[in-house]
Each structure stands twice: as structure tokens, then as C-alpha cells.
There are 2 protein chains.
Amino acid sequence: MASSEYPASTHTPRYLTGDAAGIREFIDKFDVFLFDCDGVLWSGDHLFPGTNETLELLRSKGKQVVFVTNNSTKSRADYVKKLAGLGIPSSTREQEEIFSSSYSASIYISRILQLPPTQRKVFVIGETGIEQELRAEHVPFLGGTDPAYRRAIAPEDYAKIAAGDPSLLDPEVGVVLVGLDFHLNYLKLALAFHYIRRGAVFLATNIDSTLPNAGSLFPGAGSMSAPLIMMLGGREPVSLGKPNQAMMDAIEGKFQFDRQRACMVGDRANTDIRFGVEGKLGGTLGVLTGVSSKEDFVEGAVRPAAYLDRLADLLGCE
Amino acid sequence: MASSEYPASTHTPRYLTGDAAGIREFIDKFDVFLFDCDGVLWSGDHLFPGTNETLELLRSKGKQVVFVTNNSTKSRADYVKKLAGLGIPSSTREQEEIFSSSYSASIYISRILQLPPTQRKVFVIGETGIEQELRAEHVPFLGGTDPAYRRAIAPEDYAKIAAGDPSLLDPEVGVVLVGLDFHLNYLKLALAFHYIRRGAVFLATNIDSTLPNAGSLFPGAGSMSAPLIMMLGGREPVSLGKPNQAMMDAIEGKFQFDRQRACMVGDRANTDIRFGVEGKLGGTLGVLTGVSSKEDFVEGAVRPAAYLDRLADLLGCE
């Protein structure tokens, strides 16, 4: 659902930094906190001060914590390692607390899409996170990190691709899944385009145009889909990351929580906050340590119920 | 100018194939014929039958022939070789008969853009055709076919790019020029994005989404700009190829022809025919050997004055 189809926010979000009573009241409303990660808990490889203490505070109050990330380059197992590496203490649930767009996409392909037996293979533009999650769901795939695709297109490839030569276009591919790929190239784009033209379902792990890193922005997964969208005359992929509600349904399916008692925490109005608003969660909480500005949260089309300068300001409830 | 800003065509184009009197009348109206190449004179490396005879016919009637191509991978010198390789006899003018989008872009940068002396370098996403034309105009450039840019992004690059490290981001770059690049990669996209964010002018040789080859379609120059457009929140490059009128102005500047006595011949309604219509040429002629269909020409928003099944049908005037 595009934001234009959703009624624009008109309320003024509550500013909670320094408001101890307001924070207590806000926290008490929820049993489950869904956290976007990059820009909220950390930036790149830099853990924000107070992240651990804030997560501990919520857990000590009996809150369920779920990490919801659009970053498709890592699997859930990779994320457990990333959390550990950043010094975030693991809970008893470990991997089960993590939802990534690569996991969401794999679940969608294996359990929702009804692919004919002869069209079950996935052509992947993306990194190892997608491959690991597809493997866990027993979905056959090609492309991805296979070095055979990390080469320039050769003159003889054009005629082969045009003719549908099975040495380059596997006839059993029924899905093209596009995520962030640090090794995107012309050959992969040409193959993905031809698979989709031959009838493959066009999926994206997520459509974030940029990827925050080192305090700046770099090409995101959406930028990998952009050439294909243009070549297909504007046809967009089904995106399985935030704000797509397929991801919310998958999270709810696993935790069986009451949406009215759940809060989405994020730094991006148009993905994180929209994800919570369109998922009809009881609350949304914006933080100013990532992409969206105070102006975005207070005057934008999609606004959180409340916002903070930084997540650790929740510690101010005591 | 977007096609939506231009009044839509409502006339019924004249179908000239087999109409000897109609063809003679049509040819007599013009002194200059501007030809799109791929899809009109040839397809990939396959010269259409009758192309040579048709060009000879026009030249024998004293018509000026100009080849106008959006393909930026070749320079005008490369095009002379391509014409010769396909068996198209050269005229006395040779290179002067050829206008490519890489030439048009180079002229625009060197003669139209008023760049400060410290911002004169061009970061190129593209192939050798662009480099040759920039060199001919004495425009300094980097990127392009330099093997140093044909590598994966490294972990340490993020912080360097974010910090504007001159080892990766040359402070003298004032233009990003994007053309068809068979070696497009993540590093080049990241650098182009950061140059534009730092103030560089965003140019494209052309914005064709696809490239015809081997009777099929492959990623075009527009698909190289698409990720950047998405990352920049929808900001589009200035395109120097058809249908941009900067290219028409350059052609007119060289040949000093009467636009009313000129005809654009092409296979794409939205680039070639639009180029002629918006350039207020006396006529446009569509051929059905490329991208656009009869339906596009007869019912579309941009229609040629006349159309043919194939260019060589012009020989039917005798």
C-alpha cells in the first residue's frame, strides 16, 4: 500500500525525551516492542550508548523484544552474531527474536507463493543472507554469491539470453528475488530482466533506496530493483520488507501478540513508522538517530505516536 | 520536456509502404534526413537488406544524411568503423555525418555548462565512446573504463566516501555523466551518488531504459541512471540524447538546415519521433523494424507523420 493511499497523519506526536511520567505511561501500554536496528540500536558497527541498558529495562519489565530489519545481506544467524559482536546480551530466544527481510522473503516464497513444481527455482540478486534463509526453507536458488555471475557480460551472451539458452537461463526459475547486492552487475540485471519477461514473479526483499553506513548513505536494495522497474515500464516488485504487511503477518504468526499491545520503534517515517501504522499496532515510536528528522516526524504524512531524541532516552523513566 | 507536457498526436500517420507516389511526394519535402541507426538501418550487427540502396537513393537525390544515435558506448570515430564494417559506403563527410549522445554530452559540458575552473572534472559511468568524445573536447574525466573502478566496494571505502576522502572523491569533480556501462557496479554508483550530493551536475547521455540486441532487449543507459534517481528521491538527470532538444540544437548548429525541410526517421515513438516532433521538424517517419509497433505509431500519444514496414520500402518510389 502506497502512503498516498493511506490517510495522512494529522496528530502532533508526543515528544518523550525528558518526560519521565510520559515515558512510563507509554511503556506500560505495550507488551511487545518491535525494533528497527540500524539507526535505532546502532549505526553501522557503532552501538549507540545506552542501547543495552534500554533493552534490559524493557526485558526487566517483561516486554517481548523483536528485532525487525530490512537488511537482507545477513541471515538471522548472522544477526545473532552481529548482536553479540556489538555487545548486545543475547536473550534465551536468540535467533527467534530476529526478523529480517531475507527471512520474510524466504517464508513468502516457500509457504505463500504457489509455484508449480517445475518453476520452483529462485534467481537471486543479493548476498549470503538471502541464500542462507532460502536454504533453510529448502528453496532451490541460483545467482546470488555464485562467482560464475560475477563477470562482465560477453558478446556471445546476448544471443544466448535472447534465445533463452538454458546454459544462461534456467527454465525452472519461477521467481526473481532482488535484495542488496554489493556485486550487482550488467549480466545479473540482464538475466533478471529476461527471467521476469519469461514469467518469473518479481520480488524484492525491501525497497529502501539507500543504506545507512559510516554516518552517510549508500545504494540500498531499492536501487538494485530500480533498473529492472525502469526496464519493465514501471512495474514494481512485491516487497517483503517493511513497510509491506507480509512481514507483519509473519511476525504476528510467530508471536501471536495483540497488535494493540505492540509498538514499532524506528528511525524512518516512511518504512518503520508506516509499517506500524498500516499494521494497526497500538503505538509507534520514532527516534532521531537515523534517517528521519524531527520535521519528518512532526509534520510529515506518516507520523509516530511519540518520538525521542534517542532510544536511550527511554531510560529517563526512572 | 515530458511527453505529457506536449500535445498528444491526433492525426492518422500515412502508411507509405507500397505507395510509390506517396513516397516520392514525402521524399521531395525534405533536404535533410536524420536517421536513428539501431532498429532502422541495422539491428545489432545485422544490416537490414536494402539499407545501402536506400541511403544511396537519398544521396543521389541530393539529400543530406545524418546518423543520430543515443548509443554512448561508441565515439563518432567508432561509428565510422561500424558503418564500414557493416558495408555501408562512406560519404565524403564521414565522421561529420554522425551525432552520438556521447558527442552531444561532451559538447554540452565543454561549451554550454559554465563550470568553475576548480570543478571541471567529469566522473563517468560509461564506456570508451564517452571518454573519446570528452578527450576530443579537452574535458578532464575519471571513472569510465579505468580498471581501478572495476572492483567490489571494500569495507574501508564507506568511511572514506562518507568523509569525502580525496583518494576516492576527487574534489575537482563538477559533473557526473551517466551512459551505458557494461561494467556498472556498486562502487561506481556509490561514488556517483556522493559526487551529486556534493553538488556535481547530474547528466545522462540518454535515458533509454533498454538496449536492443540480438533481437531482444538488454539494460540501457537509463537503467544505469535509475538507481541514482531513486537514491536522489526522484531527481532526474539532464539527458543529452534524443529526445532532448540540446541534441537537435547541436545538429542544427553544425548543418544550419531549415527545420521545415528536415525529417527524423526512427523506430521509437517516444524518443526518435518525439525528438522530431518537439524539434518542430517538417516531418517524421517511423519504421516497424525496431521497438515501436504499428499500434504505437497509429494510436500512441506521439505519432510520426508517416510510417513504413521497413526503411527499404522507400525504394518503392521508383
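FYI, residue positions are counted from 1 along the chain as it appears here.
Just so you know, glycine gets a Cβ as well, placed from its N, Cα and C.
Taken from TrEMBL, the feature active site, nucleophile covers A:D36. Per TrEMBL, the feature active site, proton donor maps to A:D38. Annotation comment: TrEMBL describes A:D36, A:D38, A:D267 as Mg(2+) binding site. Taken from TrEMBL, the feature substrate binding site covers A:K242.
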Nearest to A:K242 (substrate binding site) by Cα distance: which of the recorded positions A:D36, A:D38, A:D267 is it?
A:D36
Cα-Cα, whole number of Å: A:D36 (active site, nucleophile) versus A:D267 (Mg(2+) binding site)?
7
Rank the recorded positions A:D36, A:D38, A:K242 by the number of other Cβ atoms within 10 Å of each Cβ and report the first-ranked residue.
A:K242
If you count the other CB atoms within 10 A of the CB of A:D267 (Mg(2+) binding site), including all protein chains displayed, you should get 27
Spacing of the two Cα atoms, A:D267 (Mg(2+) binding site) and A:D38 (active site, proton donor), in whole angstrom, works out to 8
DSSP-derived structure type at the residue listed as 'active site, nucleophile', helix or strand or else coil:
coil
Specify all same-chain residues, apart from the site residues A:D36, A:D38, A:D267, whose Cβ lies within 8 angstroms of the center of the Cβ atoms of the Mg(2+) site, ordered by sequence.
A:C37, A:G39, A:V40, A:L41, A:T69, A:P212, A:G266, A:R268, A:D272, A:V287, A:G290, A:V291
